[in-house]
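Please read the structure below before turning to the comments.
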Amino acid sequence: MLETFDLRVPGRLDGVTTGLAPGSVTAIVGPNGAGKSTLLSALAGLLPGDVRLKGRRLDQTPPRERARRIGYLPQSAEVAWNVSVRTLVGLGRLPHGASADDDAAAVDKALADVDLSRLSERAIGHLSGGERARALLARVLAGNPEWILADEPLASLDIAQVRNLLARFRDLAGAGRGVVLVLHDLAQAMNYADRVLVLHKGHLEADGAPDEALDPGVISRIWGVDARWLGEGHGRALAW
Amino acid sequence: MTRPMLLLVLAILLLVAVPLSLLAGQVWIDPFGSPVRNAVPILAELRAPRVALALIIGGGLGAAGAAMQGYLRNPLADPGLFGIAPLAALGAVLSFFTGLAVQPWALPGFAFAGAALAMVLLALISGGGGLGRGVTLFTLTGMMIASLAGALTSLVISLSPNPFALSEIVTWLMGALENRSWHEVVLSAPPTLIGLALLWRAGPSLDALTLGEAAARSLGVVPGRLQALMVLGVGLIVGSGVAAAGIIGFVGLIVPHMLRPLTDQRPSALIMPSALAGALLVLIADSLCRLFPLAGGELRLGIALSLVGAPFFLLLLLRLRRELV
């Protein structure tokens, strides 16, 4: 379990208590400025506060051990140097201190997972936006973390890539990892998440299965938009 | 080029350059020719310490530059940006101003005190290094220290008590390895080596910083620890360099810049090659200064490096601009 207890960050989060289970995809949604990214960085152990992984406080866990267990993909796609895709993905191995062979195997697997093996020697500056987003995700996967926390990982992708990556996140959850995604698109959260946290002005306003957390009543109350869900199963769309 | 290959090439170049530099000068020493008068004292007392100092200072500045560019995630960063060199120089200038510089310990002592003060100021003002307020605040603090130290140095020069002190200060500020002895080598080698070891330790964290501060922290980097490694590492290197030779610019800026395309671009992969190439650059530049003296004496190493370095850097920037266009 990854849990927060009365998490407060002045001006951003106002007492968030929740517990996330591994083996599932959790989506964090909310209007702009709701505190989604703040909650995600807190869950990654990057902010002060009572966040616990398997009962142990993250601020009392050695940083490298925390880094091996929790992979965090920030929203910014910043890469300071024009490294190759393979070198970039290899940065995900930094907390491990494993042998070069183990590192190379993990990098190869992560590259294959996001379908970038054939571009592994290409410089990051020569990738398209979508390829770059996948390379950055592969960096997180290469670390083999128990938890994968990603801040709007689908923002710059076309629909085929969005579908592939969401399927990939579902596979990771199916393999027992905890997956937490900050999402902007409510339909993605509805169709692909097992659980949805709705944040508004730093408060946790709804927390549950997508059907109840993203009920039209909740959407109307939080976003001020009268909307309804069309379609069924994993193919729902939001109309307003 | 792979990293071992690059290190090997640089090491071979150094192995060729060091003996050449020892033999070259106004008195050429031909090991296979007829014996030269006073060859042993020239080699042992004049050239060997000078060569050793060039290697130490050049190596330190090259590595410090590579680490600084990695830390600030900016190819235009240079070890001078922390404000450590200007404050160390201010310390040295004060030793001339007060007349204490005649004591052998005073100049390096004052320079180290200046470097230490800069490090303490940096830690106090920008300390903590929390998310978001880390590197930017740190750089601004360094720039303010540099600018204040520069102004104070000018003030000290303008208040200089006599023309002798004035000329000493101005000449010294230009940076040189002329007339240095084993005393300066013994003084600057240990801090530089410790500084190199600290920067080497910072390497993996600098690599993680490639992805930005938040991602680096999520990879286990502790910003305060990295900042401490950087301040101490760069401080020891730059402080001992200024104490032994005055201000020598451009090495820390140019060397990593030239080598980066030959590496996989990770900051950690650049630190040791930059140390070797920095040593090589300062050694060659100093040997040329010695070989081609001007009418009034040797060209100061600091001036020579700036004269060659600045146009070279402009050319690099022009090329960069063409690539961008």
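One is the number of the first residue shown, and numbering goes on along the chain from there.
Heads up, the Cβ atoms here are built off N, Cα and C, so glycines get one too.
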Transmembrane segment range according to TrEMBL, out of B:172-199, B:228-255: B:228-255
Annotated transmembrane segment segment (source TrEMBL; candidates B:11-31, B:137-157): B:137-157
Sequence-remote partners of the transmembrane segment (B:80-99) [C-beta within less than 8 Å, at least six residues beyond its ends]: 68, 72, 106-107, 109-115, 117-119, 121-122, 139, 141-150, 152-153, 156-157, 159-161, 165, 168-169, 172-173, 231, 234-235, 238-239, 241-243, 246-247, 249, 252
